[in-house]
Structures are given as C-alpha cells and as structure tokens.
Amino acid sequence: MTQLRHADPLPPVTTPVAAPPEQPRTGWRARLSRAEVTWSPYLFIAPFFVIFAVFGLFPLVYTAWVSLHDWDISGAGAFVGLDNYVTLFNDPDFWNAVFNTLGMLVLATVPQLLMALVLASLLNQKLRGMTFLRMGVLLPIVTSVAAVGIVFSQIFDRDAGMVNGLLGLVNVDAVDWRADKWSSWTAIATMVNWRWTGYNALIYLAAMQAVPRDLYEAATVDGAGKVRQFWSITVPNIRPAILFTVIMSTIAGMQLFTEPLIFGQGGFAISGGSLRQFQTVSMYMFEKAFRDFDYGYGSAVAWMIFLLITLLGVVNFLVSRRSR
Amino acid sequence: MVVRQRRALLATTLGAVVALSACGGAAESSSGDTTLVVKTFSQFGYDELYAEYEASHPGIKIKEENIGKLGDYLPKLQQWLATGKGAGDVVAIEEGILSQFVAKPGQFVNLLDHGAAELKPNFLEWKWEQASTPDGSKVVGLGTDVGAQGMCYRTDLFAQAGLPTDREEVGKLWPTWDAYLATGKRFKEAGTGAGWYDSSGGLYQNILMQQGDHTYYDTSNKLVIDSNPGVRKAWDQTIEMVKAGLSANIEQWSPQWNAGFKNGTFATIPCPSWMLGTIEKQAGPENKGKWDVARVPGEGAVRGGSFLAVPTQSKHQKEAAELVKFLTSAKGQTAAFKSKNNFPSSPQAIDDPAVQGYTNPFFNDAPVGKIFGESVKALKPVYLGPDNNPIGDRVGNALLAVEQGKLQPDEAWAKAVDDAKRLVK
C-alpha cells in the first residue's frame, strides 16, 4: 500500500508560455503556439496513461480474452464463450474461496480499523517521545510480508507454536490452527492486522490534526467529555480518511495471497488447508492457472475478483454517501 | 481514484503476474563465454559434474538455479514455458508431469536431432519410453534417476522402543505393509513420544506405486481412480495406519517436516532414493549415524524420478543438448548417485561396482547401492496419466483431513474421487 502514495507524482504545473504578442507571426507559428497551449497538459499527464495502458489496461483486456477460451499450456484452444464463467458459478471450490476471503476480510479489517482509530487518538495527545512512537507504529509495514508470514506461521504452529504454548499455561488444549476455518482465519487475520494497523493509524492521525482546535474547545465549554468529543467531533471530521482506509483495506483484503500461502504447509499449500479452510480467491486463481494449467479458467477467476472488488467498492461508496 | 483502480487491476490481472515473474533467465556473461542455465528442484547433486564439464569445455559456463520444493517448481516451469522466457537452457522434469509434455512435445528440443538415438541402450527401456512420443519420433528428455524405494528409520528411537536397530533385522520386521503396521503399534506402545511415520500422504504414495502398472489412469488415459482396486487398497492400508494413531501428522515439505529429521519427531519414513539427500541436508551433520536405511515393505517399486530436457526457447540448444547427454550418461548418473543418492536409470551405472558397492557414511555406512539396487531389479514401470500430480495432491489432502479428524475415511474417499473427477472433466 505504501508505494501508492509516491507512485504518481503530479506533473509539475507549468504555465504554458504564451507567444509574444508584440509582432504578428506567420500562420503556422500561431497555430503551433495555440496547439502547445491546448495539448501540452495532455502531454504532461501522458506518462501515467501510457504506463497504465501497458501494465493495467492491456493485461485486463487480455485476461478477459483468455477467459473466453479453453486455454492451456500449449496456448489458445477453442473459443468457448462464457463456458468458463458458467462452470465457475457452479464451482463449490470457488464459492468456498469467496466465502473465506470475505470472512478474513471482515476479521482483518474491522478490528484493524477500530484499533487504528484508538491508536491514532492516543498518538494525537501530547506525549513524550512523540516522534519515536509515531515512527514505531509504522515499523511493521517495513517488514516483508514473507517474513511476517513465516514468523506468524511458527507462532501459530500446532506442535511447537507460541500461542499453543501460552494456551497450555492456562490448561487449554493445543489448537491445530490449520485444521479449522475459524482458527486459520484468526491466525491469518492476525498477520494482516499486525502489519497494517499502524499504517492506518497514521492516516487517521494526519486527518485528526487537521480538525480545528476550536471545535474541541467549544465542546469542552459545553461540557462534553473526551469520549463524546471523539465520537461527535473527531470521527465525523475524519470521515474521508476512514472511507479511504476502508476502500484500501477492502481491495487489499480481496487480494489476500501471501499470508495464507505461507501459512499453508507442504507441497500443496496453494489449496489452503486439507479442506480448503483458508484458500482465498487469489490462491484459487493461482491454483487453477499455474498448477492445473487451466489459464482460461484462471483468467475467469481473475475477472471475478475484479468484479467483486468493484462491487464492494460501489457498496462502500453508496453506504458512505447515504450516511453523509 | 484512478491510482487505486490501477493497483487493483494490476494485482488482479494474470497478465501482470506473468509479466512480473517472467524476469530473469538466461544470462550472457560479459567475457563472451556461453552460460548455460540449468533449472532444477530438490537435489540433483551435479556440482562436481558442472566443474568437470566446464574444465573440459572451455567457453562454457554452467549456472544452476534450484527451487527446493517440486510443488513450487512446477508452476514456475509452466510460466517459463508459457511466456517463452526464463526456462534457461536445461530444465529438470519430474516423471509425474512428463506425460503432459510428451503429449505436446513442441516446447522441447527433440533430442533425437542431437544424436540421442545411439544413447538408447544407456537407459532402462521403460525410462527411455516414458520420455518418447508413442511413435518414437521424438524424445523430450533423457532420464536421470529412478525413485527406488527404501525405508529410512531412526536407530536411536528404535533402540528406545526396544526394536532391533540392525538394518537386516529391521528389514525382516516388515516383509509386508501389514507387518509394518504391527511393528508401528509395538513402537507406539513403547511410548517414545515420536510418531511412527511422518505423514500419511507420503506413505500412501509409496504403497500406491507398488499396486501394479497404473494408478489413477489406465494406459488409454481414462480416469480409473474409483475402479482401480490398487488405489483403494493403498488408501485402505493407509487409513489403517491413521486409525492406529501412527502418523506424526506432519505434512511433507513443510518446515516442521524439515525440522522433524533433526528432532526425531518420527521414527520411519518411506524414502525413495532421491530423498536421502534431503534427509541428510535437513538432519544436519550432528545427526550423522542416527538415520539408517532398510528395505521397503511390500514389493519394490518406483516412486518419482526425473528427466532433463532442453526447452526450445533456449538460445544454446546444441550446447545444452550436449550437457544433457553428459549429465545423464552412466558416468554422470554414477556421480549424482554418489553425491545425493539419486539412483541411476542407466543399466551400466546400476551395475557399476561404484554404485553396487557404495555405502553412505551419513546413514551408518548403509549399502544404499545394494538396497536400492535390489528394489530396482523388481521394478515395473507404473503408467502415470496427464493429471497424475494434481490428483495425487487432492488424495493427499483427503488423507490429511482424516488425520486432522475433520472427515471420516469414507467421506474423505468420496471427496477425493469427486475432486479428481471434477478436475479431469
């Protein structure tokens, strides 16, 4: 998520140089300078659109094309129209993966954003070592996903894991974390939460600092306590930031891949557990395309992920508009 | 918004995945030498052979790029082939996926064009035929090793449980898988805390490969998973072991499995010859002498084994084919056997006194050449159909679900059959 913020620096705002007015120029020069005024802004934003077309739009359209074929390792086969999608709608493994993804999305997003809110409001106080604390919450994002996955997989290991060790201290039986949906989702959501809570907290913190102080002073004069101030002033005022984090977390959550893959064990880890307890849609896409070598079907799954994210984005948008 | 969308599109798009991972591949060294990139998985034991080849072929440099797990290697290999980039000059192909490449041989150089025909007597006949098209006009790869079976065991755990530790006597404990089960029960009663074997998936695979000349497919590529009695027999035999509580429930190729060799979490593991290198690497030098090899229960049979092939995308096909011929020669196979115990598929290498008389110092000087050699003599080739590996993965998952107590054996069997049918449809 971090690379986003610097991915597309705005092109420098340059005022197009107007042609010197004093002497009338020949026709082509005037036309050139008019053209420059008209077209140069497009030129400035072109790099983004060119890159987007090559790395975003083309793969998207091409994937749609592939998904309409019986496409395997040897290349394009017969055109099969929407057959892949029909199969997909009747594929219990696909819907299982959708269910898993949404489940982990809820488990990872809701607590994460609530914790981030609380953390941000704490960081918004006058504390000692402020910079240190604010930098501290960012540290988890610096850690590579793979490292997080490996360490947490050991923490949640059945035989030698730390969590089972702690549970043992209070006489709770060891949990086989990979064997059930609830336990595997919890373990994976923990990884996501650990990594992203601080990032969201910083976004909230930045938004909170833009809330005018006098609102709080007026509320204090009116006798509102800290908690009341938080819910009635802070949260409504940082609504755009909250919406942003919800959408970002939704997109990231729908594409959850690395954490559950590393959490899974053995040679068939991509199946996400013996009964696909924690296989996400991205994992299912990868399994179909790159293990079963059914590229057409894998592409259909990829397009369904895209549609699901779009759908969830629209829902987010409508909900936030209605509650405005 | 556009930025966010772009990210969403990028990451959800297969094309992008391919574009990102297709980087890296054959490299040209600056000095003008030809660098041949060899892609392998697990352990092939070629380091010394490379050095020798480089010394005798000036201007050739060899770079091996290894991926530990076969499960991780396969999707990569498919990507390299599909995108036409990254496969390097020589690729290793495991027998379970070979048949689909033989069915579509266009992605590999026909080694008959590079003088491979005269090498035919250098390979076991069925090994040669596995990599040939049915009409014999194309040869996709040359055989490296065959997965001769053995049974590896921890001598210290056997001693603790009051079982014999000498490999001759240990082999006599289990002429059959039923006897292996009975010995496992004895071991469990002794209460060492270790599992009798690592995981049911691997055990099942070994038993399955002893059940005749085909498994999930018949030789006309028809799916027979639910009508081949051999498959069901291997399944039932394995379920007996699970019911007796003999499994340590540790998935093969997981970090816990790797650590298990060091920590003695399980007492036995059916070990095809190619697994010895993995065991030695994971157990580490401090456990030298604690692992030993005995004969496998039941009839000897093959499990696994590989081939080397030259993808047509290689820019140095001629040089690569020469290297493949060198590495798969009787001499090359003997060297690989000495290095990592990958058992030769060349009759000349199998009969080589250097192989027959070879003892492995890590495994208590076990005469692995003799143990695996006996197993290879009894060997009958097993026909594996196009989706053999994905089906095997699904049956393995079903067994795991039984181990985890999530499914009853009958439910798990029905699920495995159903999954296989849906996959093949």
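Each residue, glycine too, has its Cβ placed from N, Cα and C.
Listed ranges A:135-156, A:223-244; the one TrEMBL annotates as transmembrane segment is A:135-156.
Same-chain neighbours of the transmembrane segment (A:300-319): 60, 63-64, 67, 84-85, 88, 94, 98, 243, 246-247, 250-251, 254-255, 281-282, 284-285, 288-289, counting only residues six or more beyond its ends whose CB sits under 8 Å from a CB of the stretch. Residues 1-2, 119, 123, 162-163, 177, 187, 190-191, 194-199, 201-202, 258-259, 261-263 of the same chain lie 6 or more positions beyond the ends of the transmembrane segment (A:135-156) yet place their CB under 8 Å from a CB of it.
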